[in-house]
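**Q** Supplied in structure tokens, the structure appears directly below.
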Amino acid sequence: MSSLTGKVKGRARKIKGDADIRVNESTENVGLVIRVMTAVVDIKFPSGKVPKILNALESKEIYNGKKLVLEVSQHISDSIVRCIALDSTDGLSRNDEFIDTGAPISVPVGRATLGRVFDVLGNPIDNCGPLTKSDYSIKPIYSEVPKLTDQKVTTEILVTGIKVIDLLAPYLKGGKVGLFGGAGVGKTVLIMELIHNIAKAHKGVSVFAGVGERTREGNDLYHEMIESGVINLEEKDKSQAVLVYGQMNEPPGARLRVALSALTMAEYFRDVENQDVLFFVDNIFRFTQSGSEISALLGRIPSAVGYQPTLAAEMGAMQERITSTNRGSITSVQAIYVPADDLTDPAPATSFAHLDSTTVLSRQIAELGIYPAVDPLDSASQALSIDIVGEKHYEVSKEVQRILQTYKSLQDIIAILGMEELSEEDKLIVARARKIQRFLSQPFHVAEVFTGTPGVFVSLEDTVSSFKDIVEGKYDHLPEAAFYMVSNINEAVKKAELLQKEGK
């Protein structure tokens, strides 16, 4: 694969290989491998010539069909550096030579990246050839957080078309959203539906970072984007998305840095092209997990639950770059795996502080067959205030939550004594709560191939007015089943008539 191009000072020659790196021929700094410990490699350089922290080192030899790139993480002595491998170290041996590139890992940015799939080093991995156009440049994956004076706060709602989110935990344009959930409760399906609903209607650019997740899901997403027209294979520059993958089969170094590579591409569209960018990450937990693996190999003493002592700093360094400025915005949607469904685990807990909206997926709701399995009581948003959503939306959402909370508190009594022991008022609340619970379900476009039910995009006006009618008791006469997997209240009425005809 042809190498990408980039500018450096001095007379430079290009090293052949996948990584986009240049070295100054007259001052080439070569080190030798002295120790290999899976994803961590120690390199010895001439005394006093150790590379700077975060510099990229490139192998002279070819391993597994490409050159191996390392990133300097620690200075062990005045001649030895400890590095993180960004690809497999299979075949590496002592005394192999590595060249100091004199710069951090850099990736291509610009319109030439649209419609393409990249790895952590910015190499195209979609079998569509190298980047050949001139409308891209090279940028290091590390950059400063925008100045406070340049940052901008918006109070505009981003409509997702998903009822439970738009009503109870709305997303802000230019905000950060977390999708929390354990294994198998629907985080990736929800993020794919959000990409389908928002990216398709969104006129700006979407950047997706696949951090340590399944390769199959990455492949599915790529083809989903092609089918929906977000990626145009014939005319790449008409595409609206960039995909950057560091999947779970890759070493921890790649999984740790791939989010920064994708974020660098997103920042270009925000800062240079003044666009509103959607930045999707699946999964932030894998970012933390890879940092924990690297930390242990680097010999750091772990902190709580075995995580790296630098967890908060690493998370903050990335999250603070995801912000809106006077030039453009980055709206971020991040899937966050919750180990053992424990939200107090340090990995998801560290993410909470950075988010504007949290969408929590519940296994108990998934067990009821209600999808998306969003917990309406655990999910929250800073946008749910009268000033932002308006009085009608705010009052309806609070009444929905009150009914669901009352139902939750009555469940123990119902389990022990049964419904008969409840007052008439409580029986009415339970009946409405069960209807609301089912009405929060919704068929997804991306799940249509599995369910056979066409997906729906529900407008915010439909969502608010439908729930207003339910909490006011206008549809108390309809059966619970009529509210399941429908878009709005009119569909629920039609479904009730159909059920009545069928004798259900």
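In case you wondered, yes, glycine gets a Cβ from its N, Cα and C as well.
Note that the structure is a prediction, hence the values are computed from the model and not measured.
OK, Swiss-Prot features for this one:
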| type | residues | note |
| --- | --- | --- |
| BINDING | Gly181, Gly182, Ala183, Gly184, Val185, Gly186, Lys187, Thr188 | ATP binding site |
**Q** With the cut-off set at 10 Å between Cβ atoms, which of these binding-site residues ends up with the most neighbours? Options: Gly181, Gly184, Gly186.
**A** Gly181
**Q** Taking DSSP as the reference, which of helix, strand or coil describes Gly182 (ATP binding site)?
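**A** Once the DSSP labels are grouped into three classes, Gly182 (ATP binding site) ends up as coil.
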**Q** Can you tell me how many other Cβ atoms are located within 10 Å of the Cβ belonging to Lys187 (ATP binding site)?
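**A** So the Cβ neighbour count for Lys187 (ATP binding site) comes to 26.
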**Q** What are the other residues, in sequence order, whose C-beta lies within 8 angstroms of the center of the C-beta atoms of Gly181, Gly182, Ala183, Gly184, Val185, Gly186, Lys187, Thr188 at the ATP site?
**A** Tyr337, Leu361, Ala366, Ala373
**Q** Let me know how many other Cβ atoms fall within 10 Å of the Cβ of Gly182 (ATP binding site).
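**A** Here the count is 17.
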**Q** Which entry in the list of binding-site residues, Ala183, Val185, has its Cβ near the fewest other Cβ atoms, using 10 Å as the limit?
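**A** The binding-site residues Ala183, Val185 were compared, and Ala183 has the fewest Cβ atoms within 10 Å.
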